[in-house]
Amino acid sequence: MSDDDHHFESKADAGASKTYPQQAGTIRKNGYIVIKARPCKVVEVSTSKTGKHGHAKCHFVGIDIFNGKKLEDIVPSSHNCDVPHVNRTDYQLIDISEDGFVSLLTENGNTKDDLRLPTDENLLTQIKDGFAEGKDLVVTVMSAMGEEQICALKDIGPKN
């Protein structure tokens with residue numbers, strides 16, 4: 001077998017899993033955790049003492065990073081929890097279509113047209129108003145576990 005037999009296309013994620021394991025006792029507030037198959041930001045962690053026969057337990061309260069719902073989970077501190085790979089990427093806003101999708105410019109000059117406007121009313125109004133005024137807007141897209149959503153907005157000045 002020569003070295004020519006194996007040719008792999010290099011992709012950024014390389015089919016990596018959407019989560020990685022981390023011991024429950026090491027997850028802290030403002031970290032991320034998967035609760036009920038949803039990626040969540042941890043807003044509260046409390047640890048109970050070990051019982052007569054048991055493990056110390058960690059009680060996590062998390063807010064879903066995409067829909068804002070509050071979720072809770074209790075896990076023995078010695079067990080592993082799933083932690084989502086959370087990425088934030090900035091894209092320049094090019095266009096907003098009538099059906100609620102945005103057209104974004106990626107770093108390599110391609111367009112990304114598969115993202116909807118955010119459901120958060122405040123952010124939605126800021127994006128629409130800023131775009132209507134002809135401002136150059138940069139949106140921050142958060143992605144985790146195969147989902148993506150616009151989570152923040154930056155104004156980089158008026159268009160020339």
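Our numbering is plain: 1 for the first residue shown, then up by one each step along the chain.
Cβ coordinates come from backbone N, Cα and C, glycine included.
Bear in mind that TrEMBL entries carry predicted annotations, made automatically and left uncurated.
According to TrEMBL, the protein has these features:
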COMPBIAS  1-12  compositional bias 'Basic and acidic residues'
DOMAIN    85-154  domain 'Translation initiation factor 5A C-terminal'
REGION    1-21  region 'Disordered'
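Per-residue pLDDT, averaged along the domain 'Translation initiation factor 5A C-terminal' (85-154), amounts to 87 for this model.
In terms of DSSP secondary structure, the domain 'Translation initiation factor 5A C-terminal' (85-154) contains 12 helix, 39 strand, 19 coil.
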